[in-house]
Amino acid sequence: MDKFRMIFQFLQSNQESFMNGICGIMALASAQMYSAFDFNCPCLPGYNAAYSAGILLAPPLVLFLLGLVMNNNVSMLAEEWKRPPGRRAKDPAVLRYMFCSMAQRALIAPVVWVAVTLLDGKCFLCAFCTAVPVTVLGNGSLAPGLSPPELARLLARVPCPDIYDGDWLLAREVAVRYLRCISQALGWSFVLLTTLLAFVVRSVRPCFTQAAFLKSKYWSHYIDIERKLFDETCTEHAKAFAKVCIQQFFEAMNHDLELGHTHGALATAPAGSAAPAPPEGAEEEREKLRGITDQGAVNRLLTSWHKCKPPLRLGQEEPPVGNGWAGGGPRPPRKEVAAYFSRV
Amino acid sequence: MEKFRVLFQHFQSSSESVMNGICLLLAAVTVKLYSSFDFNCPCLARYNALYGLGLLLTPPLALFLCGLLANRQSVVMVEEWRRPVGHRRKDPGIIRYMCSSVLQRALAAPLVWILLALLDGKCFVCAFSSSVDPEKFLDFANMTPSQVQLFLAKVPCKEDELVRDSPARKAVSRYLRCLSQAIGWSITLLLIILAFLGRCLRPCFDQTVFLQRRYWSNYVDLEQKLFDETCCEHARDFAHRCVLHFFANMQSEMRARGLRRDTADRDPEPPVTPGPQDGLDGGGSGKAHLRAVCSREQVDRLLSTWYSSKPPLDLLASPGIWGGRGGLNHRALTVAPGTGLSQHTDV
């Protein structure tokens, strides 16, 4: 556990290495999934291509959607996209930034799956075994003697060594080597192309839209942090609400019971005991409620938060000391900075 | 555990160490990738050379680009290169230094792949088996040229029926592997000698300029990181106060509507004036974090100005657009050198 905590701490030490860490983990998970998967070519002329295309394309789609779903910020993006403008204008650049960074991270696992599938070669072999140039690789003179469906049926069995019976026409090893070589070449080209694209996007961006990029990054962090803080404040409020509600209930029960008793035997009880003093800490809880003390008010607050977010303008509480750099007391210890590192 | 902790701490101690750590990690990944890759020479006349050379050169290129991608300093370098001059002049020497350090680190993984491939020998055998001179080997004396070519193309495939258990195949294969390993070790030796000479002779040339460039490139990197960190802190405080304002506004709105009259008897507290100091641990520190930048327009203007016109590298200059230097100095004094660079959580 200690080792994991340290690795996690190292990866979290800055945003960049955390993102690299996540990318590495997703790539490993995808590669591991592929190696655990048991590829099983049907070796039938019509079905080979469909099966291979399915294996090459369906899991990447699933992995991409999974990557989006598991990212908590998808709901944040959707919320920001669909909220009514209210008193706070919407910035499409921020939405684009959030979507791009989420999509980039979600694309890693599919890319790794496709690359590993092509480099392994079984999928390609299964899909294109009927398209092997028999005249070049095998005994070309015997090929015209077979009708195309016969030839296709024969070649479709190349991926399955136990049922292949065409060694007189084309040695199985030759066909397998040929197709795997092409598959691996395609795989490496795909890897090269993707890394080149990623490199170009990352390096060329500072040349064009750096100022807009800084703004989008800041505001997307802000939206993420604001949402977390709002949820935290609501949780605190709910806790305080519950505590006060329960205290009041007990007080009321206590009051009722005492009234019941005084009706009976203790008619001369001192007046002071009728209303017991609230316990210490009750005042703190009431303050945490910030004046929102009934269900209707809470519902109104939450509706208002969604429909009409407050404007991004805090107003000057007091004139800035000197020239804006309010360098008041010593800098407080950074207690919660890392907890609010946005994952966008 | 202790040695892991010491290792991690060492790698986190400066941005250069972090980059070295990433470089080593990428080299380790390369070794693993090479050993898990299933080499598959096609053993066909024209395809062998393409496959062999392709495998020797394409993965290194992809790994080089990965090395550039994983290194944060490459982005910092491009940003420094493309920024408008503003108040701070640009020094091409610093950009060249950053470029060379980024390139050196990115070259480690590709070189590891190439050396592994050469020392292993399979790539070389596959690529050059068809180009071997048959005169060198006596076994080819009584074969026609086309047969020789076919045979040579199949040399990399041990299990092929044409060349299985053939002493000629083993001879050619041994010859090519020996050549491949000789080239591999020569390249290794050359690289180490170059690195050694580079390291030893550098102090003979322009040591002061080198020290300055190293300092300022480290500075640029750290400044960018600290700016991002400060923006995060600012965003957090902005959000905190925004949320508190919102709650306070709701409270005053409802009071205005008279909706608290039924609860006023139960909550005999004095009406809380909606103050942004609520909930903050020390109003002074909260204001310090916000630094009087409290609206969307101000934040946008701050970020645009940071990009288009970075402040001059002069902490004692007269206050201009960025106000008093006292704040920066103060921060510099209160942040201890060891802890300011790393971002350990102080939970």
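Every residue gets a Cβ built from N, Cα and C, even glycine.
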Looking at the candidate ranges A:102-121, A:182-201, report the one that TrEMBL labels transmembrane segment.
A:182-201
How about long-range neighbours of the transmembrane segment (A:21-37): same chain, 6 or more residues beyond its ends, C-beta under 8 Å?
11, 59, 63, 67, 105, 108-110, 112-113, 116-117, 120
Residues of the same chain, at least six outside the transmembrane segment (A:182-201), with any C-beta under 8 angstroms of its C-beta?
111, 114-121, 123-125, 128
Using a Cβ cut-off under 8 Å, which residues of the same chain at least 6 positions beyond either end of the transmembrane segment (A:49-74) come close to it?
26, 30, 33, 39, 41-42, 98, 102-103, 105-111, 113-114, 117, 123-124, 126-127, 224, 343-344
